[in-house]
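Annotation comment: TrEMBL describes B:20-40, B:60-79, B:100-127, B:139-167, B:179-207, B:227-249 as transmembrane segment.
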Amino acid sequence: MLRTIRLYLRLLGTHLRASLEYEADFWLMALGAAMTQVAGFVFIAAVFLRVPDINGWTFWTVALLFGMVGFSEGVINLFFEGMWWLADLKHNGELDYLLVRPYPVALQALSSQVGLNGLGNLLTGGALIVAGLVNTDIDWSPATAVVAVLLFLGAMAARVGIMLACNATTFWLEGPTSMFAFAVHQVGDLARYPLAIYPVVLKGLLGVVLPFAFVSFFPVSWLTGEGGTGWLGLLTPLVGVYCVVLAAWVFRRGLTRYESAGN
Amino acid sequence: MRPYLALTRAMLRSALRYRITFLMGMFGMFFQLIALFAVWRVLLDEREIGGFGWAEMRPYLLIGFTCGMIVSSFTDWRMAYRIVEGTVSLDLVKPVDYQFARFAEIVGGIAAEVGVAVVLWAGVLVFTGPIALPPPELLALFALSMLLVVPLKFLFSYVAGLGCFWTHHYNGIRWTQQAVVAVLSGMMIPLALLPSWLATTAAWLPFAGVASTPGLIFIGRVDAAEAARLVAVQAFWIVVLWLGARLAFRGAVKQLTVHGG
Amino acid sequence: MALVEARGLTKVFRRPDKAPGLKGALRQLVVRRFTEKVAVDHVDLAIDAGEAVAYVGPNGAGKSTTVKLLSGILVPTAGEVRVGGVEPHRDRIANAHRIGVLFGQRTQLWWDLPVADSLDVLRDMYGIDRATYTRRLKRFDEVLELGEILPSLGRRLSLGQRMRADLAAALIHGPEVVYLDEPTIGLDIAVKDRVRGFLRSLRDEGTTIMLTSHDLRDIEDVCRRLVIIDGGRIIFDGALTALKDEFARERILHVETAADVPLAAVQASLAGATVTAGDSPRRFSVRFNRFAMTAGQVVAALAGHAELVDFHVDEPSIEDVVRRVYSGELMAR
C-alpha cells in the first residue's frame, strides 16, 4: 500500500517536473483557474450585497460550498488529472504498455498528467473554506473536528470517484474526447449553491444519481447546521468510499472492452 | 470572398461531423443556465432587487447565456492549437487575410450554435412560459446588437488566441479571458447590481457589449436613445479591437520568426 | 506443460456501421448495427520455455492481436491463454513480472523524461534492486550502446535510438517471455544487425521469444520455429526447415549448352519437369520437383543432348515461400 502511494507520487512528480519547464505557462494556468473560481464568487458576493441569505444560507456558508467544490476540483487537477486524458489514451491505443506493467492500470492512467491549474483551484478553494469556517458560528470540539476531517476526505473522494467513473465511460463510447464527463463536470458546479433552490428532479440527480451534493452541500450542512439535512452529511465518508469503489469497478469493466487501436 | 466562404463552410461541416461532441459540450453549458435560473428564481421570489424582478431577469439571463454560448466552441481552440504546434506557418502563407479568415471560420460555427440556441429558447419558453417582446424600435436595436455580439466576441477570443504566440498552452489564457468576460459582461448578474466600483469599471470596458447590452435592450431597461448609444459603443469597440488586433498580430508574427516556428 | 499456451483463442471486434449523413447518425443513435470482424480465429499455440518463435503473416492477419491477447492487453472473446499457468488478463500484475513487451510502432518511454529517468521509473515499478539493475543496464549498454542516449529526452530520440531504448525498457526486469512486435521496423541496416545480435544473445541465455516481423531476415537470424497466420488462422506451425520441405519442393536448373538444342527433345527426355526457353537458343531452364528427381538426374539427362557449359540451381528463399503462402499461391494444410 505504502509502496503503491510512493510510486504514484513518483509518477506524478516526473510529469510535474516536465511541465514546470514552461514557467510562464504555469503561472497563466494557475491564474486562469483562480480567476474562474473568483468569477463565480464575485457573482455570489454581489448577490449577498443585496440580500441577507439564500434560502437561509448566509454568505459564509455559501462560501464554504464554493470552497469545497473549488478545492475538490483542484485535487483532481493536481493529483488525478490523468482521468481527463483517458479517452485520449484509449483512442490512441496508449493503454497497451500500461496493461503489461506490474502497477494498477487505473493508477498509471490517473498519474499520467498533472494539471497546473490545480494550484489555483486549491488556493482559492482553500481560502474560501478557511474564510467560511472562521466566519461561521461553529461549535468546535475535538469530536467535531475529527468528524469534519472525515467528511472533508469523504467529500473529496466522492468528487474524484464520480468524475473517474464518468471518464471511464469512454470505454463504451466512441471518439477521442471525454465530452460526457465534461457535461457531468458542469453538473458538479451546481453543488456550489444550496440544494434547496433546485427543482426535485435536480435534487435527485445531485443527491443520488451523481451525488455531487455530498461534495459540498451535505457535509457543510452538517457542520454549520444550515439546511436541516445535517444527518445526511454524516453519510459523506460512506458515499465517498462508494463512489471510489464504483469508479474502480466501472474502470475495470471498461478495460475488458479495450480494443487497442492500430495494428 | 470565395476563400473565406470556403472556410465558413468547412467549419460548419466540422461542427456537423463532430455533432455528438458538439451537442454534449452545449448540453454541459446548459447546466450553467440552470444554476443561474435556480439562484435568481429564489432570490427574486416575490421581491425585486435593484429594480429587477423575475419577469425581467428570466429573459435577461437567457439572452446572456445565449451570448455566452455563441462563438464559444470553434475557432479559438483550433487557432491556438495551430499556433502552439507551429502549423500556423501554413496558415500564414495562404493568400488570405489571417484575421478575416479566422472570423470566417467563426461564422461557420455560429450556424451550428444558433441551431442549438433556437432549440434552447423553445424549450425554455415551453417550460417556463412566454416572454414579453419589447416595442418594435427596441426589438430592432436588440437584433442589431445581437449581430454585433458576434464580431465582438470573436475579437476577445482572437486576441486571447494570439497570446499563444508567447506561451505553450492556451488553457490559462482562455480561462482568464472567460472569467473576466463572465463577470464584466453582466452575463450572470446585471452590471447595475455589482458594487459601484466594479460597475464603473465594466462601463469603461468592451465586455458589456457581449451580454449586458442586448439583455438590457430586450427587457426595456433602457429607452431607444440609450439603446442606440449602447449599440454605438459596441460598434466602437469592434473597430478599436479589430485594428488593435492587427497591431498585436504584427508583434505576434515576429515572435514566430524569433523562435523559428 | 508449455510456458505459453493458447487454446481455441478467438478475438472478435465489433465495429459500428456508420451510415453517412445526419440521417444515418440519428438512426445509429437508435438502432446500433455492428459488423463483426474475427481478428483471431481459434488459434492453438504452445511455446516451450527457451523457444524462439517467429510469428508472421500479411498485414491484418491477426499477428498483433495475438500478441496482445497473449500479453493480456486484450481480453479474448473465446478460448483461453495461460502463461506459466496464469491467465494474463485476469492476473495482470503477476503476469507483468514474467513478460516483456515491445511494440515497434509505439514507445513506452516517457516523452518528457531523459531515457535514464524512464528506465529508473520502470526499475521502481518492477521493484528491481540497484545491483541487478546496474548489471542489466551495463549489459544492454554493451550490445545496444545505450550510453550515448541515456541522457536524451524521449521526444528527441531518432527512430533507431528510440528502438534501442525501448528494447532496454521492455527487458529491464529480466522477463521470462518476451513478445516483440516489429522490433526492427524502420531501422537502418546497422541498427537492425545490432538488434538481431541482441535477440540472439537473449535467446541463447534461455529467454523465450515470440517475434513478429515483416523482415524475414530477423526471423532466420533469431528463430528456428515459424508460425504463419493468415485471416486469423494458423496455416503453418513448424521448423523453418520443415517449411522449406513442405512448400519449397521446386528447384530450377538454369543451363547453358555448347550447341543449339531443340527444346522439345529435352522436354521429351525429362518427363515430369517443365522446360522453358531462355534469352538465347543455348540457354534454358528446367523446373522440377526435388522429391521426384534429383538435380544429378536432370544434369545427366541434359548431358545426353549437348555439352553443358554452365549451370546453377535456384532454391526458393524463405522469403519467396512466405510471400507465396501469403498470396495464396501455396495452399497450406
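Glycine too: its Cβ is placed from the backbone N, Cα and C atoms.
Since we're looking at a predicted model, the values are computed, not measured.
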Discussion item. Give the nonlocal contacts of the transmembrane segment (B:179-207) in its own chain as ranges (CB under 8 Å, at least six residues past its ends).
Written reply: 36, 49-52, 57, 60-61, 64-65, 67-68, 152, 156, 215-216, 237, 240-241
Discussion item. So if I exclude everything within five residues of the ends of the transmembrane segment (B:60-79), which remaining residues of that chain have a CB under 8 angstroms from its CBs? That is, six or more out.
Written reply: 11, 14-15, 22, 25-26, 29, 32-33, 36-37, 40, 52, 88, 102, 105-106, 108-110, 113-114, 116-117, 120-121, 124, 131, 146, 149-150, 153-154, 157-158, 160-161, 164, 170, 174, 181-182, 185-188, 190, 210-212, 214-216, 218-219
Practice prompt. Would you mind listing the long-range same-chain contacts of the transmembrane segment (B:227-249), meaning Cβ under 8 Å and 6+ residues beyond its ends?
Written response: 98-99, 138, 141-142, 144-145, 148-149, 151-152, 155-156, 158-159, 162, 206, 208-209, 213, 216-217
Discussion item. Please report, as numbers and ranges, the same-chain residues at least 6 past the borders of the transmembrane segment (B:20-40) whose CB is under 8 Å from any CB of it.
Written reply: 54, 57-58, 61-62, 65, 68-69, 72-73, 112-113, 116, 120, 128, 188
